[in-house]
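Data block below; observations after.
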Amino acid sequence: MTTYSNKGPKPERGRFLHFHSVTFWVGNAKQAASFYCNKMGFEPLAYKGLETGSREVVSHVIKQGKIVFVLCSALNPWNKEMGDHLVKHGDGVKDIAFEVEDCEHIVQKARERGAKIVREPWVEEDKFGKVKFAVLQTYGDTTHTLVEKINYTGRFLPGFEAPTYKDTLLPKLPSCNLEIIDHIVGNQPDQEMESASEWYLKNLQFHRFWSVDDTQVHTEYSSLRSIVVANYEESIKMPINEPAPGRKKSQIQEYVDYNGGAGVQHIALRTEDIITTIRHLRERGMEFLAVPSSYYRLLRENLKTSKIQVKENMDVLEELKILVDYDEKGYLLQIFTKPMQDRPTLFLEVIQRHNHQGFGAGNFNSLFKAFEEEQALRGNLTDLETNGVRSGM
């Protein structure tokens, strides 16, 4: 595990502020938005569809804290781009938007360095003000939209209106208090992690923040490598994973197979009270990865000789299956959902940090074993040569 302190020179212009929103392309945006609201505690924020004059794509925008998800579906049968994307990837993340300053400068620099500009900068406006956008291509079929608000005061973005329907169930459910996006993880095919992470360093002037390799993260069967890149202010963190060769198919390779290539593996959502958050998410019916009791026995033993004092009750953490990782400075608490759709691709993480800026490397081996148990149930913990997603099936 390596932490990098050299951020490189501070960019003169074109600051990346924070994650703006995450856009999902799904088969049924209305149902997907309802699922995230009912199960994860989001609330409807905005809408764009036939009723607002959007004739091709419907978008349901949901929000919790500062976390914004946009669920999009095609309205017409001839939308080949979205149709092909769904056949290949299934429901999942299409775009990760960053709020920025000086969008034009960022695009100009990215273009000079060889980045693919999917859409050149353009401006949209309504009665609440103007917003400038641009779209860049990153790994797989994933894109990054740059969002520069020009005195914009609307609820989301131009073209969106208030939700058309108020779900009377949502106020009766326990609040989950998820606050911000902590990080977003991208999975790559083997040998593509370096080039994917280098894209951010070269084109967006991000820097390496953290890394781990397969000598540190492995089980009897499988392993991974990971590099985390971040913007200068480190308000945006993007781990990039790849599978490493092992005896069996790793959960990273399983993702790549079912996603049809690289894509967003999981989104980590931060809370300041993970115990209450997870209690309420479980009450709402969310499913999480199981953790064996042996993990907590070993954790209790190791913490006896650690300088770190975990404030939370260990019995409660064990009851809720929340993981703990720590170093000499602090600790973090984390838990992972099961996949959010039928394909074993995208899932979510809930994380709470106590003076700890890592990514749970101490839990990677335990997590891999938990993932492998789920893989085995799906029939996917197999020799690499004998199993895969077969075309035409």
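Just so it is clear, glycine is given a Cβ too, placed from its N, Cα and C backbone atoms.
Just so it is clear, the model here is predicted, and its values are computed rather than measured.
Taken from Swiss-Prot, the feature N-acetylthreonine applies to T2. On its own chain, T2 (N-acetylthreonine) has W210, S211, V212 as residues at least 6 apart in sequence with a Cβ closer than 8 Å to its own Cβ. Reduced to three states, the DSSP call for T2 (N-acetylthreonine) is strand.
Here Swiss-Prot flags 18-149 as domain 'VOC 1'. In terms of DSSP secondary structure, the domain 'VOC 1' (18-149) contains 35 helix, 65 strand, 32 coil.
Among the features that Swiss-Prot reports, N6-succinyllysine is placed at K132. The number of other CB atoms found within 10 A of the CB of K132 (N6-succinyllysine), across every protein chain shown, is 20.
Under the heading domain 'VOC 2', Swiss-Prot lists 180-338, citing sequence analysis as support.
Contacts of H183 (Fe cation binding site) defined by a Cβ separation under 8 A and a same-chain sequence distance of 6+ are given as V228, K237, M238, P239, A268, F359, in order along the sequence. Per Swiss-Prot, the feature Fe cation binding site maps to H183, H266, E349; the stated evidence is experimental evidence.
The feature phosphoserine is assigned by Swiss-Prot to S211 (among others), with similarity to another entry given as support. DSSP classifies S211 (phosphoserine) as strand under the three-state reduction.
S226 (phosphoserine) falls within a strand segment according to DSSP. The Cβ neighbour count for S226 (phosphoserine), using a 10 Å radius over every protein chain in view, is 24. What Swiss-Prot records for S226 (among others) is phosphoserine.
In the three-state DSSP scheme, S250 (phosphoserine) falls into the coil class. Residues annotated as phosphoserine in Swiss-Prot: S250 (among others).
Cα-Cα distance from H266 (Fe cation binding site) to S226 (phosphoserine): 14 Å (rounded to the nearest whole number).
For S211 (phosphoserine), the Cβ neighbour count at a 10 Å cut-off comes to 21, with all displayed protein chains included. Cβ atoms within 8 Å of the centroid of the Cβ atoms of H183, H266, E349 (the Fe cation site) belong to the same-chain residues D182, I184, V185, P239, Q265, I267, A268, L269, F336, L348, I351, site residues excluded. Cα of K132 (N6-succinyllysine) to Cα of E349 (Fe cation binding site): a distance of 31 Å.
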